[in-house]
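K.L.:
Have a look at the structure that comes next, please.
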Amino acid sequence: MLYIPAVTSALPLPLREQAGCVGTSRSAMRTAKQFVQVALALCCFADITFGIEVDCSLYASGIGKDGTSWVACPRNLKPVCGTDGSTYSNECGICLYNREHSANVEKEYDGECRPKHITIDCTRYRQVVRDGNVMVACPRILKPVCGSDSFTYDNECGICAYNAEHHTNVSKLHDGECKLEIGSGWPGIRIHALPSCLQVDCTKYPSTVSKDGRTLVACPRILSPVCGTDGFTYDNECGICAHNAEQRTHVSKKHNGKCRQEIPDIDCDQYPTRRINGGKLLVRCPRILLPVCGTDGFTYDNECGICAHNVQHGTEVKKSHDGRCKEHSTPLDCTQYLGNSRNGEAVAACPFILQEVCGTDGVTYSNDCALCAHNIELGTSVAKKHDGRCTEEVPEVNINPGSRDAVHFLHAVRERKRRGQLDCSKYRTSTLKDGRQLMACTMIYDPVCATNGVTYASECTLCAHNLEHRTNLGKRKNGRCEEDITKEHCQGIQQVSPICTMEYIPHCGSDGKTYSNRCVFCNAYLESNRTLNLVSMTEC
């Protein structure tokens, strides 16, 4: 952009006063004409760059005790391009550069400088092909050049060699080493100017150079995930800095939190199906706890669980994301249903109204009051997930509308719930000579969690247990119980370990906390008197 001062600024004061008048003097007009001719002549020289003069009087400056000049520049990031082709963090950066180097750089335009690429003639360097790879024979001459990828090469041939080896199209930006750019902590690592929320300041992390010339960054062990522009999740911002320093990449921060990646479809063909009596298909799933959330809003023990659910119910549930589903619940005001019994215990007086609600435990309750009654009796904190029946096939909990007593204790509700969960009539039984009854169960492993917190190999095995021991256990959920998984996971650890390794293998506890590895989780498990349970092998 050409900057031409007003014509009157070149005139002596008396003539300046006359410039806008009808009676302007001839000498003033001649001076103005000469000035315009000089300005137009300068336009003919392409190599001369005219910029916008920065007002450096806005910034305090001085000379230090050691004789060096200084300028007090603000730390706001508002990049500008100088007439020397360099990007400065703000206008004050130009003032500082001019003062330190006795230069006369001006501002060309706002924003980062747009690089001017210079094509290199690579035909002058000999190339050979070995094992299908193209190699360029470069001279051992140190004449640094800056590539368009913001890396410094020993010479122009180095760019040719890199392009041949990596099938890239890097060009030359300028002679000399690449300048340290905004937002970077080390030479050769460029992070473009970004909004303040996405900037990564790598200068605050200490770094060292190894014997083999690699830059290593010392990062804190803090889990504050960020998503890089390469689509990978890093433990924290320093992880991006370390990656860039070690791999010579230009990754910056895309957003806080884990990267939101597209979830590929589950390959259900890898899990064999088996047809049982009655023509029903079942999928045999491995005993691995790697919880995944389905698009139906329910958590499955692993990917195979979704496949098994689809085969069994004819649905098309897909994986929404790894880890347990986040419950979206509505708290209930149970005070309106509370009453007192003779012994002082709180009971729920529930009306005979059928307004089904789905609880966060996956169970359908006849109304809000029935859910409150469940919590009062068992001391649980089940919330309302949504109005209407639960979409998953789970037992329904109803209050008997034919009862004469309007006050229903949850014990009755619980027993109805237990009896409704299991249909043991579909499994064959036989009577021994001594009168004992046995149930014939297959060897198919399809675990269920009973209401006593114990995992049984299948629903039939649970029915067999009730038949043999004359119990009335119900099914809490499909899949293994968390208590059982936790006990097995921490097996062999009898006391709290004073020292744990620093490896990061996340464990999500039933307290909602993420533990960094097995040792840390099992320590917490023991400290909780074995009441803490393992929810998943992922972050909470």
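Note that Cβ sites are derived from N, Cα and C of the backbone, with glycine treated the same way.
Curation does not apply to TrEMBL; its annotations are automatic.
The following feature annotations were taken from TrEMBL:
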- 50-115: domain 'Kazal-like' (DOMAIN)
- 116-180: domain 'Kazal-like' (DOMAIN)
- 198-261: domain 'Kazal-like' (DOMAIN)
- 262-327: domain 'Kazal-like' (DOMAIN)
- 328-392: domain 'Kazal-like' (DOMAIN)
- 418-483: domain 'Kazal-like' (DOMAIN)
- 484-540: domain 'Kazal-like' (DOMAIN)
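Looking at the shown structure, what environment does each listed feature sit in?
P.N.:
Broken down with DSSP, the domain 'Kazal-like' (50-115) shows 14 helix, 16 strand, 36 coil.
Per-residue confidence over the domain 'Kazal-like' (328-392) averages 73 (mean pLDDT, predicted model).
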K.L.:
Given the cut-off of 8 Å on Cβ pairs that are 6 or more apart in sequence, determine whether the domain 'Kazal-like' (262-327) and the domain 'Kazal-like' (50-115) share at least 3 such pairs.
P.N.:
no
